[in-house]
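Student: OK, TrEMBL features for this one:
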- B:15-34: transmembrane segment (TRANSMEM)
- B:46-67: transmembrane segment (TRANSMEM)
- B:87-111: transmembrane segment (TRANSMEM)
- B:123-141: transmembrane segment (TRANSMEM)
- B:142-436: domain 'NADH:quinone oxidoreductase/Mrp antiporter transmembrane' (DOMAIN)
- B:147-166: transmembrane segment (TRANSMEM)
- B:250-274: transmembrane segment (TRANSMEM)
- B:280-300: transmembrane segment (TRANSMEM)
- B:320-342: transmembrane segment (TRANSMEM)
- B:354-373: transmembrane segment (TRANSMEM)
- B:385-403: transmembrane segment (TRANSMEM)
- B:423-442: transmembrane segment (TRANSMEM)
- B:463-483: transmembrane segment (TRANSMEM)
Amino acid sequence: MPPFQEMLLVAVLLLLAALTLFDRQLMRACSWFVAFALMVALAWARLGLIWLALLEATLGAALTGAFLFHALGATLHFRRPRGFFTRWHDSVDLTWWRALARLLPALAVLGMLGLALSALGVSPTRALRPAGLGLLGLGLWAFALHRHLLRRLLAFNVIGTGIFLILMSLAGEGAVVAGQGLVGTGLVVALLGTALGALLIRRLEGLAPPHHVIPAKGDGVS
Amino acid sequence: MIERFGLASDHFGHLNGPLVLLAMLGLPLLLGLLGGALRPARSWPVALLGLLPLSALIWLAAAVAGGPSQSWTLELGSLVLHWRVNGLVLVLLLLTQLIVLVSALYAPTYLRDVVHATRRSQAWFWPLLGLLAASLSLIWLAADLLLLYIGLELMGLTAVGLLLLPGKADALIAGLRYLLLALVGSLAFLLGVALLLGAWGRLDLAGLAQVADEGIVLWVAMALLSAGLLLKAAAFPLHAWLAPVHASAWIPISALHAGLVIKASFFIALQLWLVLVPAAAVAASLVGVMAGAAVVWGGLMAWRAAKLKDVVAWSTVSQLGYLLLAFPLLVGSDPAVAALAWDGTWLQLAAHGLAKAAMFFATGNLILATGESRVEGLAGASRRFPLALLSFGIAAISLVGLPPSMGFTAKWLLLHAALAGDHWGWLAVLAIGTLLSAAYVFRVFRYSFVEDAPTLDFRPVPWGMDTIALVLALAALLLGLVAEWPLALLRGPGGGA
């Protein structure tokens, strides 16, 4: 694949991930996530990993997306979210200092990983690795930044995707099958984790009495 | 050390690999599904069917014990999966089957009479229990990182599912925290595996042990793997999720979780260290410092805890510290020390598994009888429920490490190892830990022997539940007298020497 297309793919992936993680409206963030997962499937397909592309499209995009929307209480007939998490914005007041401080753990992991990766040398599979590292960094930062459960699930999925990209970029000729096994397992785990989280959110919502809803903060956003 | 884990053997012996997998992984799953369909209301059908996997295990033990360790591969297309079984694996499988069986025996009465579980949560309980048993067996038998990853994830998600079954709000919130932690831990593990795969292009442990050379890649990979595993094992600075999780879970699930699930992460971590970085003494003593802190802090928190279940949960943090001492005593130490510590570690794992499960069952009986979850609520319990208190006491003997219990033998061996290696710091940790565990156990007894308690309305405990707690506690106590038998399995030709 020519370098320009590759750069474009990486840029689009990172942009979609950033939108997923930092869009203030949850419905939009989840929609961005579905687009992101489809893009990842496209990336797998372009690398010739058809099985992974199919898995990513079905498990990553379709099913995970369905569970995320289920957590928000949105259905085909009822597009507006009505779950009790939908209007709940993060209760932490974010200052630049705090955001930077939370960036530190992400940077630490990235630094460690960068050292290890530089020791491993350049891989033939091109731009996957910087894309994976970028996704990992973004996801880790978002995971440290947000307290909101659904946002953390989204961040977890993005980190997972970053790790899958790094993994496949590392897996050499002889190890592609093992790499696919690991990524396949990882995709199933990510789906199950998201599904459990989504079902839990719904159960918690069902248990909470209506007047006991966690107060929405700053619902002027949208 | 590779030989001790049964990884180095090229013995593709007479064992029928797929049959072993079917018996060890398929059978619990099948029985779990059956249980979910039938939802047994009594213990005897469970006991009858539960003997099936146990007898399958005895068949396996007869084929393997005393001989060299056996390994085999399973090929799915071009994917090769590596398996092995040796003395250590047999001991762990036996421990798993015992604790799962006892939990299954305890469950029908408990679900029906105590927590009044809904039909739906009962229908979920049994298949999840079978899945948990299968995933644990998978972890013990696995000899490559892909299988370990699958087993770890299966176990983690199943455990979350089981913890959520009570369906109460606090159980859900605790389960949610556990879910997020488990997911983060598994991501760290996967990243570490990715680095190993990238550097050496293979995932089987025996092969990695030969080709992996020390360097920045190996160190970063091990750091990531260990961080993920120690988080899942509730090792000291990463333990905060443990007590809330136990506080709201059902009793048989707490017993399984503290007795087995946490140990599986520890087992994987120790195995990876001994196989990949067997000489990393400095890093291992760092883990040892964490172990010491876990013993002391867990003991103190157990001593101060207000709720009975919190006492038991914090004591798990403390007792895990003893297990973590295996890192400084086994990694990079001289062979004589390592031999003692090897025996002590696995005995401690088994002893703690049995004793902690027994203690959770006894605690459940006490909470059921008094209707109180606080330690103070036990006032007057000594007269009313001698049996439940007796089981608690016997389990405590093994937990504190008094003779003749299995816990005593284990701690004795660890003590010897620390002495032989001149590790005075670890010796102090062992001593302080023993004192602290005695302190929190006797605190429970002090409240139970309060005589001028106001008479509350006590509920009778079904005799089956009392018996189960007592038998399991006695097993933890008396197995100390026949400790030579598991030790022979651990050391024997199958376990290397």
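Even glycines carry a Cβ here, placed using N, Cα and C.
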Student: At a Cβ cut-off of 8 Å, and with pairs 6 or more apart in sequence only, do we get at least 3 pairs between the transmembrane segment (B:15-34) and the transmembrane segment (B:250-274), yes or no?
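Tutor: Contact between the transmembrane segment (B:15-34) and the transmembrane segment (B:250-274): absent.
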Student: How about the transmembrane segment (B:354-373) and the transmembrane segment (B:250-274): at least 3 CB pairs under 8 Å, pairs 6 or more apart in sequence, or not?
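Tutor: Stretch pair touches.
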Student: Which range out of B:87-111, B:123-141, B:147-166, B:280-300, B:320-342 gives the transmembrane segment (B:250-274) the most CB pairs under 8 Å?
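Tutor: The stretch with the most close Cβ contacts to the transmembrane segment (B:250-274) is B:87-111.
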